Amino acid sequence: MKIYNTASKNKETFKTINNKKLIKMYVCGPTVYDHAHLGHGRTYVAFDIIRRYLEHKNYIVQLIINFTDIDDKIINRANEQGTTIKELSDKFINSFLEDMEKLNVKPALIYPRVSEHINEIIEFIKVLEKKGYAYATADGVYFDTSKYEKYGELRKINIKEETSEQKNININKKNQRDFALWKFAKPDEPKWDSPWGEGRPAWHIECSAMSLKYLGDNFDIHGGGCDLIFPHHENEKAQSECYTDKKWVNYWIHTGFVMVNNEKMSKSLGNFSTLKDLFEKYSAELIRFFLLERHYSSPLDYTEDAINHSKNNLDKLYNTIQNITVAFRNSEIKYKLNEIDKNTIETIHNCTEKFYTAMDDNFNTAQALKYVFEVSTAINKYINNYANSDELPNYSIILKSYEFFKMVGEIFGIFGSSTINTATNTNIAEENLINILMELRADLKKEKNYNLSDKIRDKLKEMDIILEDSPKGTIWKKA
């Protein structure tokens, strides 16, 4: 399996720490001053699929997603709304978790809050200061980037050129590239005691301290949106490797932007759609499917046409699953395979291998999805081949297709509204009742009691059970 590592700008063969089956993953969480938008959704759906695939390959994934609940934006929004920082943060943390649940994003192991890790942050800064990497000024404590030779490595920037272009000069800094670790308190802001004076943590130090506490001084995967590469992840990397004197993260993974009219979707530009707004127009599963149709690192254009295109694709797959469900009840075990049986089995086998190859190639969901549709086409053709035949489909082939779609659903986190997890939306008692009603309807038709037989058909339709008559008899399926 290969993963594109932002640090090396190359795909690298994935190896866990000490080749163990445990994977430690830290994904930067939201700053909780507003509802999550589609860009957030993309990041956490992408890492959820990465996690699901790793778990499918029998890894144990320890996922940490933090909440930044101390920030200028939160302070300003709380003042605007006349509420406390705690109340505002709690509101939007709960909102975020609700959105993730709807998107079928599996919960993280821990969701640490910055406000609950002040002591760890202070201790982290004290170590940096003791080692000579941090210095106090009139307005806070800063990290000295000149002491870290690898600064700029993640973004691949020329520090001297970038520094010379700096426009906002802070006279308190030794170097304009230096960044804050601790900010001294301003009136009416949250503050904590520290060796340097009352204040609050700066942004970048938060994730370094919390990841150290929960994942240790070296972990497998650190991720987030590509807008975090610089300055956030660059600064995290600098302070963490100076703290630990070793490589901090083995693989850096970043998701691409969601674009609207060729601009990044963001709150600062005001061109964003919250997930809650989108859920009023589309199903959460459709949003998730829309997000996975493109590779996680590619820009994703959000338009209504694109969403509708995704809906058509998802509907096609649901139709296939419905056909498989019906075929389960109308197939038979055969010990000899005919030519179409052999071709269909070969297609399912080959596409399964190609699906895994695509996912092993930097979690390429877009490529993997092509093979899902290839199986969909093949199994529909196979089932339709028997529609007007006296023979029934081979049960083992229907089972193979069912297992394929079940695997895809588990990895992609989709098909939750389908029959794929149980092969039927009905329990055994309901299925038996439907079969009894179908037999009764058949008897009524033989007696030419069409009014009553049609009434049974119509009543079942009201219950979302569709009856389809064919030369081989009547079959039923969910609407």
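A Cβ is built for glycine as well, from the same backbone N, Cα and C atoms used for every other residue.
Annotation source Swiss-Prot lists Zn(2+) binding site at Cys28, Cys207, His232, Glu236. Marked as motif ''HIGH' region' by Swiss-Prot: 30-40. Taken from Swiss-Prot, the feature motif ''KMSKS' region' covers 264-268. Annotated ATP binding site per Swiss-Prot: Lys267, in sequence order, evidence recorded as sequence analysis.
Where Swiss-Prot records a feature, it is marked here on the structure.
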residue	record	DSSP class
Cys28	Zn(2+) binding site	coil
Cys207	Zn(2+) binding site	helix
His232	Zn(2+) binding site	helix
Lys267	ATP binding site	coil
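Taking CA atoms as the reference points, Glu236 (Zn(2+) binding site) and the residue listed as 'ATP binding site' are 23 Å apart. In the shown protein chains, 18 other C-beta atoms lie within 10 A of the C-beta of His232 (Zn(2+) binding site). Residues 67-69, 71, 73-74, 76-77, 88-89, 92-93, 95-96, 99, 225, 257-258, 264-267, 272-276, 278, 287, 302 of the same chain, all 6+ positions outside the motif ''HIGH' region' (30-40), place their C-beta atoms under 8 angstroms from a C-beta of that stretch. Under 8 Å from some Cβ of the motif ''KMSKS' region' (264-268) lie the Cβ atoms of residues 34, 37-39, 227, 257-258, 302, all in the same chain and six or more residues away from its ends. Excluding Cys28, Cys207, His232, Glu236, which define the Zn(2+) site, the same chain contributes Trp203, His204, Glu206, Ser208, His222, Gly224, Leu228, His233, Asn235 within 8 Å (Cβ to the Cβ centroid), listed in sequence order. Here the CA atom of the residue listed as 'ATP binding site' lies 22 Å from the CA atom of Cys207 (Zn(2+) binding site).
The Cβ of Lys267 (ATP binding site) lies under 8 Å from the Cβ of Asp34, His37, each of which sits 6+ residues away along the same chain. Proximity of Cys28 (Zn(2+) binding site) to non-local residues of its own chain (separation of 6 or more, Cβ distance below 8 Å) is seen for Ile65, Asn66, Cys207, Gly223, Gly224, Gly225, Leu228, His232, His233, given in sequence order.
Mean per-residue pLDDT, taken over the motif ''KMSKS' region' (264-268), amounts to 76.
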